[in-house]
Amino acid sequence: MEEDWGKTVSEKVISAYMSLPKKGKPQGREVTVLSAFLVSSPSQDPKVIALGTGTKCVSGSLLSPRGDIVNDSHAEVVARRALIRFFYSEIQRMQLTSGKSNEAKRQRIDSETSSILESADSSCPGEVKYKLKSGCLLHLYISQLPCGYASTSSPLYALKKIPSTQVDDSLLVQASDICSSRHSDVPEIGSNSNKGNGSQVADMVQRKPGRGETTLSVSCSDKIARWNVLGVQGALLYQVLQPVYISTITVGQSLHSPDNFSLADHLRRSLYERILPLSDELLTSFRLNKPLFFVAPVPPSEFQHSETAQATLTCGYSLCWNYSGLHEVILGTTGRKQGTSAKGALYPSTQSSICKQRLLELFLKETHGHKRESSKSKKSYRELKNKATEYYLMSKIFKGKYPFNNWLRKPLNCEDFLIN
């Protein structure tokens, strides 16, 4: 059953990827990472609804205060932002189909696919209107282990490569259970005790790897662990959509995996057991989500990375796609659409549909319709995110708890922008 599920999910995702045009895909010896979200129900097999590729991030010095670039173009993050746009499309679908005067619009909507969302109970807090439809499950696929604590460079993985005759069992216990200890004097990423891309406390939050200048993006392992507490929908959507959690996580097998290595156990330790210290501090709307972990077959060659980063030639582009019509190619090191010239870099036409500014526009359209706000009443991206009070407090608790209490924070001005 487990092998069948991993194979089914990977085949669905790879088929969706192969159906896309060549633009933005690896060329020659280049490789990339592929990630996707799928949805299933008792009456529907898994279907890909959002997809992303990529391995690049914007360096710290190139971060924008306008919210007009994609800071992190790793596959998992791109897929999740494409998923958020899909949620907005589904919300719009529900609004159109609920309006009796919109018969013509209803007929133009793709009738073969029902919405994955439904109306939330009236007892839900605040203005929450929607939730994941009863019986629907969300699934995540990644072609390889996510970067950070779950990656092949983690001490936990490295110990598994030592022959069992040469390693004491206590070392494995120590490596896998590091996160159960409660250190208080841990170094901040980027602090004097931990500069640049140097060694980092193994089980704590890690910076995304970068060649050359340091990035300010947190690893995918840490972000997925956070989704297992706060949901994948983010702070803005939380104001209208109940937390959405991942039911299964499927990861492609590697040609370089050590013998007797349990990928599913490794993922459980990395993405679930690290959040257990938060079990007594959860707020009402949230839970410790425990996905089921599955192994998929080795992916096609364009997703097979060498054992060492130095030997791997990675594609600089990220594909971004979702079922509601989104399809873009992003240059990962600039966070803008492929083909953007230096002269036109600030034009709105260069912005990706998944940058903060574009997602904020969707949120304002959902919550305010087409009403124009006066300049005095306008709120910044940060202020609007913080209106999700319970989400904001839960996020603060999460980032204050070991092993996440050295969560990297970007400059405050990166979220102070307004929408004109």
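Keep in mind that glycine also has a Cβ here, set from the backbone N, Cα and C atoms.
Positions annotated as domain 'A to I editase' by Swiss-Prot: 50-417. Sequence annotations record features per position, and here Swiss-Prot assigns Zn(2+) binding site to HIS74, CYS147, CYS220 based on sequence analysis. For GLU76, the entry in Swiss-Prot reads active site, proton donor. Swiss-Prot lists ARG80, ARG81, LYS223, ARG226, LYS385 with the feature 1D-myo-inositol hexakisphosphate binding site, giving similarity to another entry as the kind of evidence.
Taking a C-beta cut-off of under 8 angstroms and a sequence separation of 6 or more, CYS147 (Zn(2+) binding site) has the following same-chain neighbours: HIS74, GLN206, LYS208, PRO209, SER219, CYS220, SER221.
Per-residue pLDDT, averaged along the domain 'A to I editase' (50-417), amounts to 84 for this model. In sequence order, VAL33, THR55, ASP72, ALA75, GLU76, VAL77, PRO146, GLY148, LYS208, SER219, SER221, LYS223 are the same-chain residues whose CB sits within 8 A of the CB centroid of HIS74, CYS147, CYS220, the residues recorded for Zn(2+) being left out. Close to GLU76 (active site, proton donor), meaning Cα to Cα within 10 A, are the following binding-site residues out of LYS223, ARG226, LYS385: LYS223. Note: ARG226 (1D-myo-inositol hexakisphosphate binding site) has non-local neighbours PHE398, PHE404, i.e. same-chain residues 6+ apart with C-beta under 8 A of its own C-beta. Around the Cβ of ARG81 (1D-myo-inositol hexakisphosphate binding site), a 10 Å sphere holds 27 further Cβ atoms from the protein chains shown. Among the record's 1D-myo-inositol hexakisphosphate binders, ARG80, ARG81, LYS223, ARG226, LYS385, no two C-alpha atoms are more than 18 Å apart, and one pair sits at exactly that spread. The Cβ of LYS223 (1D-myo-inositol hexakisphosphate binding site) lies under 8 Å from the Cβ of GLU76, VAL77, each on the same chain and at least six residues away in sequence.
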